[in-house]
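Per Swiss-Prot, the features are as follows:
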ACT_SITE  C383  active site, nucleophile
ACT_SITE  H510  active site
ACT_SITE  E512  active site
BINDING   S13, D148, M149, E150, K188, S189, K190, P191, T192, Q193, K224  CTP binding site
BINDING   S13, K188, S189, K190, P191, T192, Q193, K224  UTP binding site
BINDING   S14, L15, G16, K17, G18, I19, D71  ATP binding site
BINDING   Y54, G356, L384, G385, M386, Q387, E407, R465  L-glutamine binding site
BINDING   D71, E141  Mg(2+) binding site
DOMAIN    294-537  domain 'Glutamine amidotransferase type-1'
REGION    1-267  region 'Amidoligase domain'
Amino acid sequence: MTKYIFVTGGVVSSLGKGITASSIGRLLKNRGLKVTMQKFDPYINIDPGTMNPYQHGEVFVTDDGTEADLDLGHYERLVDVRTSKYSNVTTGKIYQEVLQRERRGDYHGGTVQVIPHVTNMIKEKVMRAAQMTDTDVVISEIGGTVGDMESTPFMEAIRQMRREVGSENVMYVHVTFVPYLRAAKELKSKPTQQSVSMLRSIGIQPNMLVLRSEMPVPQEMKDKISTFTDVPVDYIVESLDAPSLFDVPLSYQEQGVDQKVVDFLHIDSPKPVADMDEWRRMDERAKNLKYKTKITLVGKYVELEDAYISVTDALQHAGYLYNSKIEVEKIQAEDITEDNVAELLKDTQGLIVPGGFGIRGLDGMITSIKYAREHDIPFLGICLGMQMASVEFARNVLHLEDANSAEAEPNCKNNIIDLMADQRDQEKIGGTLRLGLYPAMLKAGTKTRECYDGQEVIQERHRHRYEFYNKYREDFEKAGMTFSGVSPDNHLVEIVEITDKKFFVAAQYHPEFLSRPNRPEGLFKGFIGAASGLQVDKF
């Protein structure tokens, strides 16, 4: 029987529910259990694919092409699982399916209401995730905080789950905030008490409390919280601010969180103890890196940390392999000109230009890529970064001065980057990109092939609607650009590189989405190796 863990949050947002869910998932996975991660987002958008990165942050992409919340990236990297369309559900997606069923007549003329139709759909999504992944445990994070109007249907649905699948198969984990008042020099438990009271008022009794705090929570306070919340004191866990995400699962294990979970849910785990030896080595490496490598990221959304979270994480993962801390300096692409590029990039050891949409900042990207190419600074381009590297090469090596991307200038004579054929008549924006996992054939004797340890075929995740215009391939190759990765039918350019440079590689796909702390993605591994000048130092 599948077990279900629901992670909710109270008091304030951004407490780290996703990190809590991921940490529990990692511990259970390392006990030999199959874990499925899931995120419910209460916004009415169908998915975050068309949302402004400044509002929502990065859009994460799964193997099956789902555009999802960035928390799925945390799940994949921390738990080391693959997520799917069953892993991210929004209010918009729920209502869309309910209304489609109503239009088909599936409700036989009945009045469609939040209860039972919307709540039933939410429960269906939870149980479908279990069925489609054949998992032991589904861990579902409920976005927002208890008391939010938007999350009410989700709270009601997970309340009903306990009755439908049995109390022995459901566990409620509530993440709450214990503020420290510096003036009074004391922690306050009242917000936690009120948050749990609100949760109980809608029929959910939490089985475990995770207390987020910047200071250790004394035992007397835990006893007090237990008295007011009816949560056994042994099931009250503290989650202190940590210097590294690696610390969180280890802290939970020290407090016996995984054992409490398997005891409460009556799980017979294949391993009696979670094997966290490799995790501890990663934690030790991350805290004691010997070297530093400075990387410059030139992008469109640099003001928001979460906009490139998978990219910056992937850079750090590669840094661990070389025992080097990666110091990422982010520069707004619009701020880069021919006059200041030398000053801005003079101290960098590597340049990365990640993905994005729209024409803003393209000239700055092209200028920075040109400087990196001419001064042999290691360069990695991703998606839009690959497209701008192609445009830069056309302008400054092939001397096609009007070369551009059709996204920036649709009627340009030399559109090096053009709209994909199946996108030309597309009127909708959302969910219509080339999305998900696709294969690429790698050319022998290239840096790309070397990055992937000699593999002939790789599978990577994509999110784009523009592609390299094939009529220019011969001219590019004659001028020194190598097409080191292409689709199996040789139609779509996946990777370009200048082989005689220290490292000048750009990919149409998003390599950052498959990077893991203990397994850095190939292009990031090659890029940081070239930028740092270091040898691999395994931990």
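Numbers run from 1 along the shown chain.
Each residue, glycine too, has its Cβ placed from N, Cα and C.
Here the structure is a predicted model, which means the values were calculated and not measured.
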- Query: Fewest other CB within 10 angstroms, which one of the binding-site residues I19, M149?
  - Reply: M149
- Across the binding-site residues (S14, S189, T192, Q193, Q387), the Cβ with the fewest other Cβ atoms inside 10 Å is that of S14
- Query: Which chain-mates of G16 (ATP binding site) that are at least 6 residues away have a CB under 8 A from its CB, listed by sequence?
  - Reply: V175, R212, S239, V248
- Message: Spatially, and counting Cα to Cα, which of the recorded positions is closest to L15 (ATP binding site)? Options: T192, C383, E407.
- Response: T192
- Close in space but at least six residues away in sequence, with Cβ under 8 Å from that of K188 (CTP binding site), the same-chain residues are V178, P179, Y180, L181
- S13 (CTP binding site) to P191 (UTP binding site): how many Å between their Cα atoms? 13
- If we check Cα distances from G356 (L-glutamine binding site), which of the recorded positions G18, K190, C383 wins as closest? C383
- Inter-residue C-alpha distance, M149 (CTP binding site) and S14 (ATP binding site) (nearest angstrom): 17
- How big is the L-glutamine site in terms of the longest C-alpha to C-alpha distance among Y54, G356, L384, G385, M386, Q387, E407, R465, in angstrom? 22
- Task: Would you mind listing, in sequence order, the residues at least six apart from D71 (ATP binding site) in the same chain with a Cβ closer than 8 Å to its Cβ?
- Result: G18, K39, F60, E141
- Item | Minimum Cα separation from K224 (CTP binding site), reported as the residue among binding-site residues S14, P191, M386, Q387, E407 that achieves it | P191
- Query: Taking every protein chain shown into account, which of the recorded positions K190, R465, H510 has the largest tally of Cβ atoms within 10 Å of its Cβ?
  - Reply: H510
- Output field, ATP shell: CB within 8 Å of site CB centroid, site S14, L15, G16, K17, G18, I19, D71 dropped: G9, T20, A21, H74, E141, V175
